[in-house]
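Asks: Below is one structure. I have some questions about it.
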């Protein structure tokens, strides 16, 4: 869909000058497409909007049942657009600055108990088959490392140590950190890598490349021998979640929540968990310190002699 030329230039600016990540730029583009569509339907020009217009935009989003978090993200995108427009003298003021974010409902992060996580990474029953071996390895690595799904999708063989004990991942802000594979993850990785090598023999001479054209040797690959994408990982998780009534609506991030919650509930220092998750600020990690009633009950039954 064709978009306002200034919006396109802003996206080029945040990608080329501000060095926003590719995924962030895609999110901004989606938000601006929606904003541009609203402007067209309302017969308004973005350079002529006032605070009341931005409030009407927010009200329209609420009427269309957008989640508060999604609306706040769009507001952040629009604020950034106007910041750019003011800086380059395309308009006088930033009307979005005066519009406050919506209050978000306080929700504890969803997570899996260790038994549930084990159930999920054991859903691929026939681990002697390539794709079930890959899926079991994928799920166990997500849970074992606490990595973001984008970090797993960008993980190459060169980043993994030869004994499958650990890997170096590239996190937010292009910061490297070391993550570790639990014994069960190592076991599934060994099975998968043997099958992966057999598949790659069929694709001898073909070069793996990501969407930017960069040469890859991705750990997790698809049926064409190409790197598995973030969307591909989500699709695989959805496929398995659909056959497990107790584990529906699982996102890759749930494994990350589960990793952190399990460590903290078992006494790990929060600063160590912060480092393992690659969080810039400890306040981000602190949301995992909340203990749910379910977790309290589970710990009570496990620890109390008469539980």
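A Cβ is built for glycine as well, from the same backbone N, Cα and C atoms used for every other residue.
Pasting the feature list from TrEMBL:
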type: ACT_SITE; residues: 148; note: active site
type: ACT_SITE; residues: 172; note: active site
type: ACT_SITE; residues: 253; note: active site
type: ACT_SITE; residues: 256; note: active site
type: ACT_SITE; residues: 279; note: active site
type: ACT_SITE; residues: 288; note: active site, O-(3'-phospho-DNA)-tyrosine intermediate
type: DOMAIN; residues: 1-86; note: domain 'Core-binding (CB)'
type: DOMAIN; residues: 107-301; note: domain 'Tyr recombinase'
Asks: Using C-alpha positions only, work out which of the active-site residues 148, 172, 279 is nearest to residue 256 (active site).
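Replies: Comparing Cα positions, the closest of these active-site residues turns out to be 148.
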Asks: Please report the number of other Cβ atoms within 10 Å of the Cβ of residue 253 (active site).
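Replies: That number is 15.
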Asks: Find, for the listed active-site residues 172, 256, 279, the residue with the lowest Cβ contact count at a 10 Å cut-off, counting only other Cβ atoms.
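Replies: If we count Cβ atoms within 10 Å for the active-site residues 172, 256, 279, the smallest count is at 172.
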Asks: Tell me the residue counts in helix, strand and coil for the domain 'Core-binding (CB)' (1-86), as DSSP assigns them.
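Replies: For the domain 'Core-binding (CB)' (1-86), the helix, strand and coil counts are 68 helix, 0 strand, 18 coil.
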Asks: If you draw a 10 Å sphere on the Cβ of residue 148 (active site), how many other Cβ atoms land inside?
Replies: 20
Asks: Here's one to test understanding: among the active-site residues 172, 253, 279, whose C-alpha is closest in space to the C-alpha of residue 148 (active site)?
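Replies: That would be 253, nearest by Cα distance.
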Asks: Helix, strand or coil: which one is residue 172 (active site) in, per DSSP?
Replies: helix
Asks: In whole Å, how far does the CA atom of residue 172 (active site) lie from that of residue 279 (active site)?
Replies: 9
Asks: Under DSSP, is residue 256 (active site) helix, strand or coil?
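Replies: Reduced to three states, the DSSP call for residue 256 (active site) is helix.
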Asks: Quick one: pull the CA-CA distance for residue 279 (active site) versus residue 253 (active site), whole Å only.
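Replies: Each residue's Cα considered, residue 279 (active site) and residue 253 (active site) end up 14 Å apart.
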Asks: Take every residue in the domain 'Tyr recombinase' (107-301), average their pLDDT values, and give the whole-number result.
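Replies: Mean pLDDT for the domain 'Tyr recombinase' (107-301): 84.
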